[in-house]
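Here is what Swiss-Prot says about this protein:
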- 27-47: transmembrane segment (TRANSMEM)
- 97-117: transmembrane segment (TRANSMEM)
- 128-148: transmembrane segment (TRANSMEM)
- 166-186: transmembrane segment (TRANSMEM)
- 204-224: transmembrane segment (TRANSMEM)
- 266-286: transmembrane segment (TRANSMEM)
- 308-328: transmembrane segment (TRANSMEM)
- 347-367: transmembrane segment (TRANSMEM)
Amino acid sequence: MSPGLDLEQSFSQTLEGFGLSDQAARLIWLPLPMLLVLVAAVVGVLVTVWLERKISAAVQQRIGPEYAGALGVLQPLADGLKLLVKEDIIPARADGLLFTLGPVLVVVPVILSWLIVPFGQNLLISNVGVGIFLWISLSSVQPIGLLMSGYASNNKYSLLGGLRAAAQSISYEIPLALAVLAVVMMSNSLSTVDIVSQQTGAGILSWNIWRQPVGFLIFWICALAECERLPFDLPEAEEELVAGYQTEYAGMKFALFYLGSYINLVLSALLVSVLYLGGWGFPVPVEWLAGWLGQSVDAPLVQVITGATGIVMTVLKAYLLVFIAILLRWTTPRVRIDQLLDLGWKFLLPLALVNLLVTAALKLAFPVAFGG
């Protein structure tokens, strides 16, 4: 695993410099990673919701939000405040415990998955050696929460929506994992930092999208299905199921579903950026940038510039994919449930298996180009 800056140790040493003991410093550190992840996830959601409203308005030749702040940038905050003050209703015949636990099981694994997303060589909360495996494991918890919410609502539309959500998630989880496995095979690591580092040799030409074009398409299609974005929004199809598993929810419980959906979309876009688009890497080699500045690669100026712009590059790549996902919402029709399951089991799964086998063969035949 690539060595990186130990954020916990650096934080503890800084506090010890102010006279705090090592134990006190570590105690203060404990809640900070999750707080940072939560803030980053919420900010990402606010930006994405505003972008979706404005882009959707542009596609439909409308103006969109414009009164809540300049260009309507405060509209997502207004939406959140509205949901915060709405009454929290639990249906009379619903299972109260499962009804409350369902949204929590949906949103918590998605937020925890942000722990493994690197925004730079040393800029991540936790450089877990099995980060990809951790993310896949956490994402497999979400269908349980969706099915639980649909069942606990004691509503036929909610139950059908929960069953659809669970079936859809399971169907697309497997080809998604196989697509990621091909990338892991090339980088020889389950660490997201190592996967990005493997793509930083020759700028844009090193990105995995050129060596894994089929895997990239499989991953992106499966990610959209996991996020329940059009054309894969069958679990909450308004014309068929009212609002699916969300039908009986209101107030902050509904807000958790809303939040989880957008956090998952931004997370999926960030992971595509990390796995296939070079993450924090520049489109040109860093050596070229250092040459233009007349500095060595290890010079402090070059390190500061690459560190700052690495964050920008990761976010820009991710939001380009978010933009594409928003456009797809308004340009593609919803598929039927049988078409959705056929696509996952009869097309994407065999294609992902073939892609994995071809990647293994190419790794043996061309070890330098495919990470042998």
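Positions of Cβ are set from backbone N, Cα and C atoms, glycine also.
Note that the structure is a prediction, hence the values are computed from the model and not measured.
Within the chain carrying the transmembrane segment (27-47), a Cβ under 8 angstroms from the stretch's Cβ atoms is held by residues 8, 11-12, 15, 20, 76-77, 110-112, 114-115, 125-126, 259, 262-263, 266-267, 319, all 6 or more beyond its ends. The stretch in 97-117, 204-224, 347-367 that contributes the largest number of Cβ pairs under 8 Å to the transmembrane segment (128-148) is 97-117. The stretches the transmembrane segment (97-117) and the transmembrane segment (266-286) are in mutual contact, each linked to the other by at least three Cβ pairs under 8 Å (pairs 6 or more apart in sequence). Taking Cβ pairs closer than 8 Å, the transmembrane segment (266-286) reaches residues 41, 44-45, 48, 110, 113-114, 117-121, 123, 135, 180, 183, 192, 195-196, 199-204, 206-209, 212, 215-216, 219-220, 223-224, 226-227, 297, 302, 306, 309-311, 313-314, 317-319, 321-322, 325 in its own chain, all 6 or more past its ends.
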